[in-house]
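Taken straight from Swiss-Prot:
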- 1-433: domain 'Helicase ATP-binding' (DOMAIN)
- SER37, PRO38, THR39, GLY40, THR41, GLY42, LYS43, THR44: ATP binding site (BINDING)
- CYS260, CYS279, CYS289, CYS325: [4Fe-4S] cluster binding site (BINDING)
- 368-371: motif 'DEAH box' (MOTIF)
Amino acid sequence: MLMSFNHPYQPYEIQLQLMQCIYGALSSGKKIAILESPTGTGKTLSLLCSSITWLRDNKLHLLSQNLNNGGIAINSSIELSDDDDFSDDEPNWVNESYNSSILDNKLLALNDYEKHLDTIANKHYKIDKNLIGNDNNNNKVKRRKIEHIPVGFEEDEFLPQDYISDSEELEQTKSEALSNEVKALLAKLDSKSNDEQTTSTELLQELNPVKIFFASRTHSQLKQFASQLKLPKFKSSFDEKFVSNERLKYLPLGSRKQLCINKSITSKWKSTEAINDACKELLQSEKGCPYHNKNTSNTLFRDHVFTGVHDIEDILALGESLNVCPYYATRDSITSAEIITLPYQYLLSESTRDSLNIDLSNSIVIVDEAHNLIDTINTIHSSHISLQELKTCQIGLQMYFAKFKSRLNAGNRVNLLKLIKLLDILIEYINKNFKKSGQEISANEIFNNTNADTLNIHKLNQFIKVSKIAYKIDTYLNSLSKESDNENNEESKNKSTPLLFKVASFLSSLTNPNEEGKFFFEKNKSIKYMLLEPSQSFKSILDEARCVILAGGTMEPISDFFDNLFPDIIKDKSVTFACDHVIPDDNLNTYIIEEPKFEFTFDKRQNPELVNKHLFQFFIKLSVNVPPTGGIVAFFPSYSYLQFVIDNWRSNGLFDKLNKIREIFYESKNGSDPLDEYIKVIEARNPAILFAVVGGKLSEGINFQDDLCRAVVMTGLPYPNVMSGELLIKKNHIETKILKNGGSKADVSCATKDFFDTICMKAVNQSVGRAIRHIDDYSNIYLLDQRYSNSKIKDKLSQWVRKRIQPETNLELIMEKSNRTFQTKKTSN
């Protein structure tokens, strides 16, 4: 009997196959699962239904082991008897009975907790999203009106707390000590409620031994997960006589920038880094933050969250309503949750996980939209700083130091002077050594022939982090801007990351192992550090987690993940699965056009015959054969090449000829977005064609469903610029690595070719994957370049696209077949 996995609808066959693969991977102890499920196939719902079904089944299995083994369960965190009075000398039936009674009591306690959640839910407590940002909310903490005080009397706010450079710890002032004493006293007074909190928290931890961490790239994708999570109903893991209604304990995590409800911070600061430091500064101040409550307030917040499935906006509104900081309250609730959603950055940064107390041990980690995971890891662990940014930062530091040096303690003065000196070294190095983009440099080379031996990068970074000096300096510079020009203040207040934060990120890179990444010059006299071995950064996740599931709509070529993220994984500890699309086979045809000869190589792509004859005639014929109510979306390899084609067609009247058949819209690098106008024309059932750019604004994240795209065209192969600084460094790294491991020059040539092919085909898959969005959708894919016939290129296409490649390669035959296909669809619909 096939499992339904608690799917809210009748699942398609491919959805069942995907869910069976996920459930099987979790049951058999696989470490890695790489899954491709095309957009429009219900991937998110399949992921959560299969993983949560396994989670509940596993919990039931662990409880059964507890009962069968007299309270000893493998991989279970449920603590039964450790009472010395019940030793091994007692008869088994006595121990088993005693442990069983403890387990029963825990389950009854969980049932009481679920009833407690029922009580909260039945009070018709409503999260009002309109409360967000509404200062008229009567439930909010009342705040004093802040009168304007001349800047001269406010300068204390720009000073960091005294810093002890040897121990790298802040001095604890008397007021702080007093504050701690008060906190300790309050903790004693709240001991009863604290005990109750500990009971419910520990109970949830014990009965949820395995967690699911679901990470995705964007806020909208995480929001979609929450909406999908509301659809299925999962049975309780426990006997109904104990727990009849076991809710999903779902928790979305967000940043301070998303969740801060203190207007004194959010109205002043816009960058994530500045908001983080402003928050920490306020918490350390004598008055503290009125929303930063502990113990019972956070427990109440958690219980409200666990009454149902709430997205990040719900969490923010809940914090506003309860006068509780949503950021810290969600952090405190992590250990009690079953399912946690979080942005990529929280998952992929080990230091961030540590600071949030995110423990991945024995957990299931699901990374959605994982096609860009490698690039994201590289980006998170890379850094970049320009000569101009270094100079601007140095000027700011010097101004700040000149103003406050007499009021800074020795630790702050010494470290600020060291920072200024370090910036001076970097500025001098760039001025003396910059020659061209892509020029490799080493961290040691930067400090040669300097007195940098007195500079400890680790300690300077710690100083920036602990003293919050970046936030302090930025506050001061903003105040100067406000005093000098109120109009300029709005601009400075809303600027992006303060430069000292960017400098700190770059300084961290200087301490990275040489074999993991490279430093090199980029244009505009910039230095960039680029991570080249993402497997090292991903290793901690792989080591801790029970299973890591990477899922996406376009995961090919899958070999890229094994090569870059887990090269040492044992093959039998991994599983890969590429499911077909939900559409019938005849709803999508893929054509590779070889006649006429399309070849958009760098040397040939500007050939007048190719552009003005073959390419133009192709679009004329396609425009005629695709029904006028159906749109055409054509992708070009770059903005410059698309503009070249448009300019050529305009100069000889071809543009107007095509425009008379279909209204032309095209994407330009600095122009307005043509998508909305294109959609209006299609919705009015008029013929239109949209020319877009691979890697541009329209190639990812846009749904071209139904009539918006009855034909998608890929013009050429979108290879990256092989002369860019980043790609030169990556190419050199691949070559060095292969030769170091005993490979030949032929191996090097093959590997570098495959490297560029992979980048190209990932972009192709992302672009053509926009066309089909649901089971009744249909479209044709046209690949305009004879190189698509090469088996190494063809094999890197997504499986559902590759399997539908048609035998016809001649343009005339392809157009005849296309016409028949569209006529058939028109009749059937």
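Placed from the backbone N, Cα and C atoms, the Cβ positions cover glycine too.
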Among SER37, THR39, THR41, THR44, the most crowded of the binding-site residues [Cβ within 10 Å]: SER37
Around the Cβ of CYS325 ([4Fe-4S] cluster binding site), the count of other Cβ atoms that are within 10 Å: 26
GLY42 (ATP binding site), number of other Cβ atoms within 10 Å: 22
Residues satisfying Cβ distance under 8 Å from CYS260 ([4Fe-4S] cluster binding site), sequence separation of at least 6: THR266, ILE275, CYS279, CYS325, TYR327
Candidate with the highest Cβ count within 10 Å, taken from the binding-site residues PRO38, GLY40: PRO38
LYS43 (ATP binding site) CB neighbourhood, other CB atoms within 10 A: 22
Whole-number Å value for how far CYS289 ([4Fe-4S] cluster binding site) lies from THR44 (ATP binding site) (Cα to Cα): 38
Collapsed DSSP category at THR39 (ATP binding site): coil
LYS43 (ATP binding site) versus CYS289 ([4Fe-4S] cluster binding site) - Cα distance in angstrom: 41
Output field, ATP shell: CB within 8 Å of site CB centroid, site SER37, PRO38, THR39, GLY40, THR41, GLY42, LYS43, THR44 dropped: SER46, GLY553, VAL582
Which listed residue (CYS279, CYS289) has most other Cβ within 10 Å, given these are binding-site residues: CYS279
Residue distribution over DSSP helix, strand and coil in the motif 'DEAH box' (368-371): 2 helix, 0 strand, 2 coil
PLDDT averaged over every residue in the domain 'Helicase ATP-binding' (1-433): 79
